[in-house]
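Novice: I am attaching a structure below and will ask some questions about it afterwards.
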Amino acid sequence: MAGMDHSGHDMAGMDHSANGGHAHHVGQFRRLFWIMLVLAVPVVGLSEMFASLVGYQLPNVAWLAWVSPVLGTVMYVWGGRPFLTGAVSELRQRKPGMMLLIGLAITVAFLSSAGASLGLLPAQLDFWWELALLVVIMLLGHWMEMRSLAQTSSALDSLAALLPDEADRVEGDQTVKVPPSELNVGDVVVVRPGASVPADGKIVDGEAHLNEAMVTGESAPVKRRVGDRVVAGTVATDSGLRVEVTAIGDDTALAGISRLVSDVQSSTSRAQRLADKAAAWLFWYALGAAVLTAIVWSFLGLPDQAIVRTITVLVIACPHALGLAIPLVVSIATERAASAGILVKDRLALEAMRTVDTVLFDKTGTLTRGEPAVTAVATQGAFDADDIVALAAAAEADSEHPLARAIVAAAEVRGLQVPARHRFRFKARNRGQRQRGRRRDRRGWARPAGRDVHHATARGRVVGAGRRHRPAYSA
């Protein structure tokens, strides 16, 4: 007997194209960031300003002067493409924002640097190093943002994976395998032991313990009878059922959870909204400051300085902090929450959490891992604990019951050799029986046999295993 501690596929109506898109963007920005970072090293290292700051002398080699222009052009065209595309989109919508500011900064830096390299503009306008750093920093910020969205999307993919690939629909006296997407309201489906419920419905025949942990957070299987409603994705752990479909597509519970996750991806935090507004105002401010700078320096009779100062203003107006800090903070917060099994419904909730002083929990699984585990093994007489666990794991090898999976996992953790089983039979009332050679082993709920286990049984921490009708206990 093993003691348990309850610590802790496309789905109809769910669109996964967005999730795949986020994963694609994560890979795109990650790959682009590392390539641009490698290209930025020689560009920055060969800049006179960086050399003077660090204190080294650049080699007097003619061809080195073209390394920065060539690599800088590649970084502008390739690495800056996402921002230039976004800038064009904001111009078309007449809504200047972050992308337009970034696009303006890298474009001005590129044009001025190219002019300086070709001798058309003063040498002070060589901004290849600034262009390289702008592209790298902004790619890092957007990579972080896409990664946070993809992390949330992975939780959505896990929900979709709960549905079976096929459903057994009852048609007359026989069952026909069909995709869950072809089910209609009113259809009756057969849910076999260990199988997932293909759609929301109502039990019309049979009773079984359903594992609903992935939907409700409740780690212990819940017994469902005729007339009870069941949710798509839950697993019948011990017996078969016949379920009448009552909801499909967008009306299912999983589709509702999917919509919540999608809302998170499209929502923005208050800080992000403020940053977007600031970016819009900063765009007009940068243009105004640039025009004013050009007028003042031209009025002072220094047209060359007017060009240099004006371009400098436009380059330094790029919102480094707005483009990197906010996506990075949101990324870290949502990723850590998702990795802990917490789906944030709206990013505004992250900012509201700082004012929360009381939290109410209504599910056991919310505060625990939601996965039963073998916490101790106690034997009676000369029985060996490892032997008992190995025999119990053999009997439970093919079961989908959470307690069965915990026993199998315990055998794996202990590194036990699980014997092969033969002539396995499952009996009602949570009792299994298997035969290995001429030896028959039984597993079932514990019954006292010279050992007091009532206290553990009452807490839901005991299952039983025995040999030849002689039980051995653990709690």
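Any Cβ shown, glycine's included, is placed from N, Cα and C.
No curator has checked TrEMBL annotations; they are predicted automatically.
Not my notes, these are from TrEMBL:
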{"type": "COMPBIAS", "residues": "427-442", "note": "compositional bias 'Basic residues'"}
{"type": "COMPBIAS", "residues": "466-475", "note": "compositional bias 'Basic residues'"}
{"type": "DOMAIN", "residues": "162-261", "note": "domain 'P-type ATPase A'"}
{"type": "REGION", "residues": "427-475", "note": "region 'Disordered'"}
{"type": "TRANSMEM", "residues": "32-55", "note": "transmembrane segment"}
{"type": "TRANSMEM", "residues": "61-79", "note": "transmembrane segment"}
{"type": "TRANSMEM", "residues": "100-121", "note": "transmembrane segment"}
{"type": "TRANSMEM", "residues": "127-144", "note": "transmembrane segment"}
{"type": "TRANSMEM", "residues": "278-300", "note": "transmembrane segment"}
{"type": "TRANSMEM", "residues": "306-330", "note": "transmembrane segment"}
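Can you tell me where each of these features sits in this structure?
Specialist: Confidence across the domain 'P-type ATPase A' (162-261), taken as the mean pLDDT and rounded to a whole number, stands at 85.
Sequence-distant contacts of the transmembrane segment (61-79) (same chain, at least 6 residues past either end, Cβ-Cβ under 8 Å): 32, 35-36, 39-40, 42-43, 46-47, 106-107, 110, 113-114, 117, 126, 128-129, 131-132, 135-136, 139.
When Cβ-Cβ distances below 8 Å are used as the criterion, the transmembrane segment (100-121) is approached by residues 65-66, 68-69, 72-73, 76, 80, 83-84, 86-88, 90-91, 127-128, 130-131, 134-135, 138, 279, 282-283, 286, 307, 311, 314-319, 323 of the same chain, each at least six residues removed from its ends.
A Cβ distance under 8 Å defines the sequence-distant neighbours of the transmembrane segment (127-144), meaning residues of its chain 6+ beyond its ends; these are 26, 29-30, 32-33, 36-37, 39-40, 43-44, 47, 49-50, 68-69, 71-72, 75-76, 79-80, 82-83, 102, 105-106, 109-110, 112-113, 116-117, 311, 315, 318, 320, 323-325, 327-328, 331.
Within the chain carrying the transmembrane segment (278-300), a Cβ under 8 angstroms from the stretch's Cβ atoms is held by residues 95-98, 100-101, 104, 306-307, 309-310, 313-314, 317, 319, 322, all 6 or more beyond its ends.
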